[in-house]
Amino acid sequence: AEKIKICLQKQVNSSFSLHNGFGGNLYATEEKRMFELVKPKAGASVLNQSTWICFGDSRTDQSNSAFPRSADVSAKTAEKFRSLSGGSLMLSMFGPPGKVDYLYQGCGKHKVFYEGVNWSPHTAIDCYRKNWTDIKLNFQKSIYELASQSHCMSLVNALDKTIPLQATKGVAKNCNNSFLKNPALYTQEVKPLEQICGEENLAFFTLPTQFGTYECKLHLVASCYFIYDSKEVYNKRGCGNYFQVIYDSSGKVVGGLDNRVSPYTGNSGDTPTMQCDMLQLKPGRYSVRSSPRFLLMPERSYCFDMKEKGLVTAVQSIWGKGRKSDYAVDQACLSTPGCMLIQKQKPYIGEADDHHGDQEMRELLSGLDYEARCISQSGWVNETSPFTEEYLLPPKFGRCPLAAKEESIPKIPDGLLIPTSGTDTTVTKPKSRIFGIDDLIIGLLFVAIVEAGIGGYLLGSRKESGGGVTKESAEKGFEKIGNDIQILRSSTNIAIEKLNDRISHDEQAIRDLTLEIENARSEALLGELGIIRALLVGNISIGLQESLWELASEITNRAGDLAVEVSPGCWIIDNNICDQSCQNFIFKFNETAPVPTIPPLDTKIDLQSDPFYWGSSLGLAITTPISLAALVISGIAICRTK
């Protein structure tokens, strides 16, 4: 009788790469990185479509006769905007004669501002000031700052006030023979005796606690006053020094100018200019005192509920060719902590006309149609990978990827897999399966004559004396690795929290240290991924070994007395007693009875909100659905034949 030895053969050559894991190793024909690097998309986006609002002008106004050609946003996004063609927040605050006066108001955790161009050098608004850019800069900066701390905001276009009897509303030639709606100009007639200057003005205004349905915890008020170059310019009529001062209810000065105690500019001009400072005032009653002849009275404000911290995005608002723009919006956002600025790289070129419907701006704002996982000064990301090639510039919010080099991301085995600790087998693409018995048999059986001396390859066994790793030792190993991961996270969190405490009140320090902190977070995450990779490799290896043990048991049971298992994974068969069809029955049963495969593990990593720019106390914030408890062998289902 001719006896032959049939074994499960190790099929590893130079094309395989070795992957070491906790509890077992693998050879693989391919490998892939656990995550690919993502690249942010330029422009604006939002984290949640249900919690944002926008303020705009004709470029976002659905009622514009040229819409949608006039728009820089989609029709869907335009519905989120509070817009009117020709409008701007500053125009509504001051109300220059002949300009659009729109009631801007709305609520949202994330506020996007795409307006401002309608008050620019091109509009040539005068009213005692040739250049309003500095005032616009301070106004926009104050709006962004307060909006980032509020859920709701609203223009208050009519403050309650009390005006002295001797003062009447005035006009100015350099203001289209009219004047601003805010502040309003009140004057005293001193004719026919011009040397009589009139009486000091005393007026009152009230900032409400509520305007319509909008709660007001803080108001943005323009404190405006005239600036005279010398006492003589104001004092042509012998009227003393100029002053215009705002007091709170306790008599404390909160704004204005008093040339009785402050010097004049010393310049040689004959015409005063008007200055407006932006004050943040609580609701209440305020008084205004001014020198005779002129009174500038606050009659409007923007009110904010100050209920929650939120996100602010400011979009560069400039004209197309032929019109002069300013860059107050850009400068205001860049000088406001937490404000994200969207800027063009090319001149504005409109579709509807030179100033409406720019393709580059449409691309930059197209992200507003979607929800992003991360928004930052560098752009927005909606992919789930935790890594990006370059550091994302702050401010940034959401689940933002960390900067990492591609070569630093751990690789996991792919393609054909063969465990090295006591067995050999194959598996197709682990992204669709981990292992299955039908993968283990096809192409792996070979027949060898006993005399050739080809021995079997050790197969993992349930017994301590077997060639594999026991469940008990693997469980202990995984438990230790799990504890190590928790220690790594805890120590990293503690270090970052200490940094947070040091820099929580210093925005510049935050910016200086952010890169260093992010590098630490990235290194810690990469360290965790290395541990998780090793767990996965060991888990798959041990699982394959266990599955082969089950396969060997099934083969032995099918063979009965026809084959004798002489070593783990090897059997002696009498070729005269068990012919080819008999051997096929014993060793190739999977061809007629395929076994279901095991579902793949979920290896997704999820970065939580950035702790430095979202006001969060989180440190190294990563979560993963890979439960360490689920990685131990006792928690893994092994394919078994019936």
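Every residue gets a Cβ built from N, Cα and C, even glycine.
For D353 (active site, charge relay system), the count of additional Cβ atoms within 10 Å of its Cβ stands at 11 [all protein chains shown]. Sequence annotations record features per position, and here Swiss-Prot assigns active site, charge relay system to D353 (among others).
Among the features that Swiss-Prot reports, active site, charge relay system is placed at H356 (among others). Secondary structure at H356 (active site, charge relay system), as computed by DSSP, is strand. Applying an 8 A CB threshold to same-chain residues 6+ apart, the list for H356 (active site, charge relay system) reads S58, R59, N64, A66, R69, S70, A71, D72, G350.
Annotated disulfide bond per Swiss-Prot: C197-C239 (among others), in sequence order, evidence recorded as sequence analysis. In the three-state DSSP reading, C197 (disulfide bond) counts as coil.
If you draw a 10 Å sphere around the CB of C216 (disulfide bond), it holds 23 other CB atoms from the protein chains shown. According to its DSSP assignment, C216 (disulfide bond) is coil. Annotated disulfide bond per Swiss-Prot: C216-C303 (among others), in sequence order.
Marked as disulfide bond by Swiss-Prot: C224-C276 (among others). Its own atom aside, the Cβ of C224 (disulfide bond) has 27 Cβ atoms within 10 angstroms in the protein chains shown.
Swiss-Prot lists N13 (among others) with the feature N-linked glycosylation site, giving sequence analysis as the kind of evidence.
Taking a C-beta cut-off of under 8 angstroms and a sequence separation of 6 or more, N48 (N-linked glycosylation site) has the following same-chain neighbours: K109, H110, E371. According to Swiss-Prot, the N-linked glycosylation site annotation covers N48 (among others).
The N-linked glycosylation site annotation in Swiss-Prot covers N131 (among others). Over all protein chains present, the Cβ of N131 (N-linked glycosylation site) has 12 other Cβ atoms lying within 10 Å.
Under a cutoff of 8 A between CB atoms, and with a sequence separation of 6+ in the same chain, the neighbours of N176 (N-linked glycosylation site) are P97, G98. In the three-state DSSP scheme, N176 (N-linked glycosylation site) falls into the coil class. Taken from Swiss-Prot, the feature N-linked glycosylation site covers N176 (among others), and the record attributes it to sequence analysis.
The Cβ neighbour count for N382 (N-linked glycosylation site), using a 10 Å radius over every protein chain in view, is 17. Secondary structure at N382 (N-linked glycosylation site), as computed by DSSP, is coil. If you look up Swiss-Prot, you'll see N382 (among others) marked as N-linked glycosylation site, on the strength of sequence analysis.
Residues or ranges marked as N-linked glycosylation site in Swiss-Prot: N539 (among others). According to DSSP, N539 (N-linked glycosylation site) is assigned to a helical segment. Other C-beta atoms found within 10 angstroms of the C-beta of N539 (N-linked glycosylation site) number 25, with every protein chain shown included.
Swiss-Prot lists N590 (among others) with the feature N-linked glycosylation site, giving sequence analysis as the kind of evidence.
Annotation comment: Swiss-Prot describes 83-297 as region 'N-acetyl-9-O-acetylneuraminic acid binding', evidence class sequence analysis.
Summarised by DSSP class, the composition of the region 'Esterase domain-2' (297-351) is 7 helix, 16 strand, 32 coil. Under the heading region 'Esterase domain-2', Swiss-Prot lists 297-351, citing sequence analysis as support.
Residues annotated as region 'Fusion domain-2' in Swiss-Prot, with sequence analysis given as evidence: 352-637. Summarised as a single figure, the pLDDT of the region 'Fusion domain-2' (352-637) averages 62.
Sequence annotations record features per position, and here Swiss-Prot assigns topological domain 'Extracellular' to 1-617 based on sequence analysis.
Taking the Cα of C239 (disulfide bond) as the reference point, the closest of the recorded positions C216, D353, N382 is C216. Secondary structure at C224 (disulfide bond), taken from DSSP and collapsed to helix, strand or coil, is strand. In this structure the alpha carbons, written CA, of C303 (disulfide bond) and C276 (disulfide bond) are 18 Å apart. Packing around C303 (disulfide bond) is summarised by its Cβ count: 28 other Cβ atoms lie within 10 angstroms of its Cβ, all protein chains included. Considering only the recorded positions C224, D353, N539, the residue whose Cα is spatially closest to the Cα of N131 (N-linked glycosylation site) is C224.
Counting every protein chain shown, the Cβ of C239 (disulfide bond) has 18 other Cβ atoms within 10 Å.
In three-state terms derived from DSSP, C276 (disulfide bond) belongs to an extended strand segment.
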